Amino acid sequence: MAYDDPKTPFLPISDRIHQSHFSLKSMLTLHTFYVLLGPLLSVVICLCVTFDGPVSSRNMLAVTAWVFSWWLTEAVPMPITSIAPLFLFPLFGIASADRIARSYMDDVITLLLGSFMLALSVERYNVHRRLALNITLRFCGEPVNPPLLLLGICATTAFVSMWMHNVACAVMMMPVATGILQRLPATSSTPDLAAGKFCKAVVLGVTYAAPIGGMSTLTGTGVNLILVAIWKSEFPEAQPIGFNTWFLFGFPLALLIFFALWAILCFLYLSKGSTKALAGSMDKSHLNTELEMLGPMAFAEKMVLSVFGLMIALWMTRSITADIPGWGALFHGRAGDGTVSVMVATLLFIIPNGKQKGEKLMDWNECKKLPWNIILLLGAGFALADGVQSSGLADMLSKTLYFLEHVPYLIIAPAVCLICAVITEFITSNDAAATLMVPLLGQMARTMNMHPLMLMVPGAIGSQLAFMLPTGTPPNIVGFNTGHIDIFDMMKTGLLLKISGTAILCLLMPTLGAYVFGTKGVD
């Protein structure tokens with residue numbers, strides 16, 4: 001419905017009133033039980049659970065149980081559950097309405113808002129498709145080199161995912177990848193053919209390269225933003241994690257996991273006969289034809305790329321090192337990554353697109369596609385993290401974790417990583433898993449007398465290693481829906497990738513992570 005049209009009524013007008021028959025039996029459903037489960041759990045906790053600390057800590061546990069039961073069962077839509085803290089916190093005496101509302105719009109969320117607007121502009125002008133075809137042409141080889149071509153397609157996906165949300169990247173890049181595969185004489189019904197196996201490798205590569213590339217930057221995935229916001233909320237006296245800081249750790253991590261993915265795909269799906277099978281149907285002429293169909297690069301595309309580059313440059317130079325403070329020092333630390341994101345996004349509504357007089361690179365109608373469900377989920381995560389800390393629940397929970405004080409790090413870090421991955425794989429989304437686990441891991445680390453990030457980072461990254469099931473993450477669903485892969489393909493490849501990713505993370509965190517985050521000391 002066109003709500004922007006003043007002639008359109010806000011409420012639809014109908015000449016007939018439809019009658020529905022209500023009965024008590026119609027209410028006795030599993031969905032009704034799920035809806036009542038949240039309030040029932042909170043009531044049971046308030047009546048039966050006692051803490052030595054303040055009453056607000058018990059109430060916060062009740063609210064957390066309510067919210068997460070609705071998230072896990074999807075009793076109500078996830079975005080609606082995400083705004084439930086706005087009324088639950090005041091009613092349970094945890095925080096005022098003003099304080100809780102601030103959690104839904106801070107610097108991290110504005111960072112995501114601006115990034116999504118830029119991603120929409122990239123999608124609007126097909127910049128991602130032109131970029132993918134150009135890079136793939138460089139890797140195709142003459143004659144075709146299947147491992148190199150696979151590397152090019154996956155690397156392109158990972159690169160695009162670094163600068164936009166991995167879900168949007170997977171949705172945009174999968175048609176590009178399947179378009180390249182359309183000339184192959186293979187279908188999902190002939191998986192034994194070399195060409196069919198190459199199709200599986202490409203689809204799995206794009207599916208997994210999107211979340212792996214997203215690990216590199218703060219904007220690549222919501223989990224990274226959740227980690228940064230919870231760190232800022234629970235440890236306000238500590239040095240915040242900026243775009244540059246995360247990139248110094250996230251990029252090498254993602255790069256190593258990416259090459260592990262490529263090696264796994266080559267080992268499982270690319271045989272010696274792949275070159276011969278692809279030679280007759282896959283060559284540079286096909287890719288050049290696709291590129292020529294896009295025509296020469298228009299003014300709008302050049303401007304979007306320029307704005308895109310400006311944003312990256314400003315992010316990378318806002319805070320460089322202690323000796324070279326960056327341009328952020330000119331504003332005495334008041335400007336954040338969200339400042340850059342929103343400022344650059346604003347330029348999209350000012351710069352003309354060169355197509356029609358008065359038309360800009362972006363208009364508000366395009367922004368109606370913004371994923372508000374992700375933004376509200378982030379806000380809920382920040383609200384819950386703040387509530388757990390301010391109510392005293394964090395202190396209560398940390399007291400139950402003293403037995404872990406003497407557990408070696410090389411044992412507990414992989415366990416944390418795998419537990420978070422399993423939660424994402426079988427129970428809930430990676431954003432919700434990170435929202436639940438990261439604050440608890442921060443308290444656990446303090447109990448063990450180690451820097452909180454030593455467990456918070458493995459927990460956050462671990463929740464992104466859900467590669468085994470189609471329902472694990474949205475990119476998994478995108479890949480599975482192509483019809484080129486089945487569950488066995490995902491489980492076989494995903495298990496090897498999960499083990500590799502966990503091993504790489506547990507090796508990098510005490511070494512590179514200690515240098516980047518300064519985690520050598522105890523918090």
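Cβ coordinates are placed from backbone N, Cα and C, and glycine is handled just like the others.
Keep in mind the model is a prediction, meaning the values are calculated, not measured.
For reference, TrEMBL has these:
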TRANSMEM  33-55  transmembrane segment
TRANSMEM  75-96  transmembrane segment
TRANSMEM  108-128  transmembrane segment
TRANSMEM  148-181  transmembrane segment
TRANSMEM  202-231  transmembrane segment
TRANSMEM  246-270  transmembrane segment
TRANSMEM  291-317  transmembrane segment
TRANSMEM  329-350  transmembrane segment
TRANSMEM  370-389  transmembrane segment
TRANSMEM  409-428  transmembrane segment
TRANSMEM  449-469  transmembrane segment
TRANSMEM  495-517  transmembrane segment
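Beyond the transmembrane segment (202-231), the same-chain residues lying 6 or more positions past its ends with a Cβ under 8 Å from any Cβ of the stretch are 106, 108-109, 111-112, 115, 150, 153-155, 157-167, 169-170, 173-174, 177-178, 180-181, 238, 240-241, 243, 246-247, 250-251, 253-255, 257-258, 261-262, 265, 269, 337, 341, 374, 377-378, 381-382, 385, 430-431, 434-435, 438-439, 442, 452-453, 456-457, 460-461, 463-464, 467, 473, 475-476, 478-480, 482, 484-485, 489-490, 493-494, 497. Spatially, the transmembrane segment (108-128) is not adjacent to the transmembrane segment (75-96); fewer than three Cβ-Cβ distances between them are under 8 Å for residues at least 6 apart in sequence.
The transmembrane segment (148-181) makes no contact with the transmembrane segment (75-96), as judged by fewer than three Cβ pairs under 8 Å among residues 6 or more apart in sequence. Contact between the transmembrane segment (370-389) and the transmembrane segment (246-270) is not supported, since fewer than 3 Cβ pairs fall under 8 Å when only residues 6 or more apart in sequence are counted. Same-chain neighbours of the transmembrane segment (291-317): 114, 118, 121-122, 125-127, 129-130, 133-134, 137, 163, 243-244, 247, 326-327, 337, 340-341, 344, 347-348, 351, 353-355, 361, counting only residues six or more beyond its ends whose CB sits under 8 Å from a CB of the stretch. Here the transmembrane segment (33-55) has Cβ contacts under 8 Å with residues 61-63, 65-67, 69-70, 73-76, 92-93, 391-392, 395-396 of the same chain, all six or more residues outside its ends. For the transmembrane segment (246-270), the list of distant contacts is 146-147, 150-151, 154-155, 158, 162, 197-198, 200-201, 204-205, 208-209, 212-218, 224, 228, 316, 457, 461, 492-493, 496-497, 500-501, 504-505, 508, 512-513, 516-517: same-chain residues at least six beyond its ends, Cβ to Cβ under 8 Å.
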